[in-house]
Structure formats: structure tokens, C-alpha cells
């Protein structure tokens, strides 16, 4: 039986849960939130919809013990308004570091041994804290990281070239936040290097647009939901089906000593492998600077 848990049933968490139920991704769904009235309401709403759905999902709420044998748990707790208000995902660090400690301890006490996928921001720092709090191996804890930022880059480049965004390959690397960067040396359109298609001036023009688009969504709606939930569910599917998905995510990279957005192979064991990229010297510098930014913020909390 495929079992998946979602902790944090806000705008993102409920979108994750609805996607799981509507697409028949799990046989059993466990939802947990500090707002008991809301999580009960979402459960009943899903169950009211189920007679018109092609799939059946057993739904449980507010039960950490039920997560003991879950294949995947997705964490989506937090206060997105802090990030939107400041334009910096690290604005959620104080509240979410406490959430991570509490949730991680409860998962540990429940005996959870599955794969933990973190969405909560600041993603790389909170993923680090969840790994430490749960005591799970690093490969069994990872975050959505730059999986979404890479999709935003694909969207921007695809629009500019008037091509389907799925025909754009390449990566956004680093922190899921202000120190992330487009690794243009990895970007290809229909398998042709982007540097052979666009001029340096055109690439420079596009460079900030993926992150600008993210804040346009967040400021317009007050939050983001569909894209990030889709990324979280896609990674969960990769684990549950042992898909060996090649994707950028917030994974522990030994060479920089932290969780950071970097390509990896995602399968039944979580992070099956981290794939080394041949980056330009400038990109390597940016990656290390981003890693140091993440580590500095985590270290401040641990003092």
C-alpha cells in the first residue's frame, strides 16, 4: 500500500494533498497541521469529492503514529507572508527552524523510516535541520530546492525562444533563494547549447527573469502554490515508483558541505546519487558563495 504524509496544510500543503488525492498517487494520505479545524475541513472536502473521482484514497489526520510506515512525508509548514513581505525566503527561518525541530522530533518518535521531502522555506536550511532532527540518513532527506527555479528558467527561456518549455534543459543551482543562479553553461534548447542560440546580451537580459516571475506570483496571490506543489509531488512520485528521476533538488553535496540545489538521481532510497556537473569557473564560485550563505545562516541558529 502506497502511503504519503503531508505536514502543514496551508496553501501549498493542501495543493499537494489535493494533487495526491485527485491523481490517485497514494492509497493512504495522512494530513497534519496545527489548525485542527482546517485539516478536518480539508479531509471532509476531499471525501465529498471522492465519489466523483476515479481513485479512492484513505485519509487520516493529526496522527504522527500513522506515519511510521509511510513511504514519503512532505513538509510544507511555514508563514509565506513573511517571505512575500521581505522578498527573502530567510524571513521564515526563525519560525520554521522551530517547526523543523518539533516536526523532526515527532517523526523520529513515530519511527518514520521513509523518505522526507521538504518544501518549507528557507528550503536548504530547513532541510538541513529536518535531517538533523529526524536522524535519518542524508540521502533520505532532501528538499524541492531549485527544482522549481529550474522550471521557471525553462519557462522563461521557452517563451523567449517560442518553444515548449519542456524542450529546454539545464539547471538553476544553489540556494532556493536570493543567492541562486542560472547555470547557463548547462542550458540547452532542443539539445543545442543556449550560448550558441542567444547572444551574451540576450542571456544577461533573461538572467533575472525566473526569480522575478516567482515574486510576481507571490505578490499577486499572496503566496505560490501550484508550481511548488507540482514539484513536491513529482519528487514524491519518483521515490514511490523508484523512477530514478534526474532532477535538481536540495540535496547534500559533499564538495560544498551543505544541502543545496544541485542535480541528483531520485529513487526509492531518496537521493540515489549526486551527479557532478562540469561548471564554468564563474559558476563554481557562485555555487560556493551560495553554499557559504546557507551554512552561515544555519550556523547562526546553532550558536
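Backbone N, Cα and C define each Cβ position, glycine as well.
TrEMBL names 8, 9, 10, 11, 12, 13, 96, 119, 120, 121 for binding NAD(+). Of 27, 33, 79, the residue it gives for the same site is 33. For the binding-site residues listed here (8, 10), the lowest count of other CB atoms within 10 A around the CB belongs to 10. In the structure as shown, the Cβ atom of residue 12 (NAD(+) binding site) sits within 10 Å of 27 other Cβ atoms.
Most other Cβ atoms within 10 A: among the recorded positions 33, 119, 121, 176, that distinction falls to 176.
Here the CA atom of residue 176 (active site, proton acceptor) lies 10 Å from the CA atom of residue 119 (NAD(+) binding site).
The maximal spread of the NAD(+) binding site, taken as the longest Cα to Cα distance among 8, 9, 10, 11, 12, 13, 33, 96, 119, 120, 121, is 17 Å.
Separation of the C-alpha atoms of residue 8 (NAD(+) binding site) and residue 176 (active site, proton acceptor): 19 Å, rounded to the nearest whole number.
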